[in-house]
């Protein structure tokens, strides 16, 4: 250790915390259902959920969750068993999530956008015999297919009409013994609070990672992990904005994703706030919802902020009720952040987190977004971050050096379900979790995300980071969205290729003009050698732009073009 290392504060970021925010926060010894029980008692009569024309109070939501827990227990399910929740944003989601945990089950979240192969893998790997879903036609059909191939033993089918007439056709209940209507399953089941005797260190959630290579891995998140993440989020938010008398959160992020689960559902549960649920994101509808419901908090992902900043209703809607605008899931382009702030006066304070950190990682302190452009912020309370040598995780890197970000804290997953090998690979010395994200830290303890290790482009012997190129391209006045990936280059090995969509009314431009635009913004080795425009770019289930899916699309297109050329030549 050098003298400079010895003099450096262990947690330099603490000096930049908002006034009133502590780094060391007491941790809860509760389970998630115990938190719901206490919140329902404290906030009885206060609105918990608004969904279309229906609302539920916290005590009513808790009663429905207790009924679900008692139904599971009646069926002989309890501690050590699993259930798969395959639901969009509907009140059934929190009811089933809280109810399953209250019965002692571990929950596996499923995405409605997953293909059947991935759904079957998650169900079978998690050990869930019961699948709970909604009577949307495509979800009902998928549930039947999963039953037919033996991925699960039964399906509990919820009826979206329970919350008022649904504006689209719903599926009929399949006439088979292994499909049970939710209303029939819970009929006559008491709503009394069940014994909430779980342990904080029980696995509450198997949250499967995105599966950028191979099939997804299930990150084991305990009750303690989840509530530690909630404590970090609430300490930061309450210290920055003050504890609100009534927080109204617009939830368009999918609750099956860890980001929404922590920062929206569980955070609001602890606070006794109100959630306005939407099944999907629409920029115009979101602006109208903020105006109508006087929303105070809207967390989104960068694609949502891009769409809202470019929407024609942006200037005409009254969104002055907003106090807190958050962005997560992916780095927020600096230009998008500045555009929104110029239009509204509101900063979008982003951050960073992962499934394995229960979404809690970093946040940008208010007032630093301009002095530290592009930063993902500082570690949240109780979270430690550092940068290590990607080839030697035992070697910590100095401020300014680029390496792999490592994390430690009570929110960090215990490992991967049924994957001891992957768990071991993800751990460095002293239990530090190796995130796979490439980044750097400055002297003040602020972090920058440079890229995922797997997204790195090796061009002419240089490391090229797509996210840095994307940030520069977002400054172009015609670009709405952009993704950069590496493509084979016979001279350099790989070179950067940019795939972009255009803002309304803007015309395509040439690669040469883009290269000229980027000349003073990027190094020569970072300048894209290919530019293509698309009607849309691929997204993940939570709405993030997906480099992996773009790579798959481009490779498939190139393979098809190569096959066609070969056929023509023959």
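Along the chain as shown, the residues are counted starting at 1.
Here the Cβ of each residue, glycine as well, is placed from N, Cα and C on the backbone.
Over in TrEMBL, the protein carries these features:
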type	residues	note
COMPBIAS	559-570	compositional bias 'Low complexity'
DOMAIN	37-417	domain 'AMP-dependent synthetase/ligase'
DOMAIN	469-544	domain 'AMP-binding enzyme C-terminal'
REGION	547-570	region 'Disordered'
TRANSMEM	256-277	transmembrane segment
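Within its own chain, the transmembrane segment (256-277) is flanked in space by residues 32, 35-36, 39, 42-43, 46-51, 58, 85, 87-91, 93-94, 97, 109-112, 205, 207, 221, 226-227, 229-230, 233-234, 237, 243-244, 246-250, 289, 293, 295, 297, 299, 301, 326, 328-329, 353, 355, 358-360, 541-542, which lie at least six positions past its ends and keep a Cβ under 8 Å from the stretch. Each residue in the domain 'AMP-dependent synthetase/ligase' (37-417) has a pLDDT score, and their mean in this model is 93. DSSP assignment over the domain 'AMP-binding enzyme C-terminal' (469-544) gives 16 helix, 26 strand, 34 coil.
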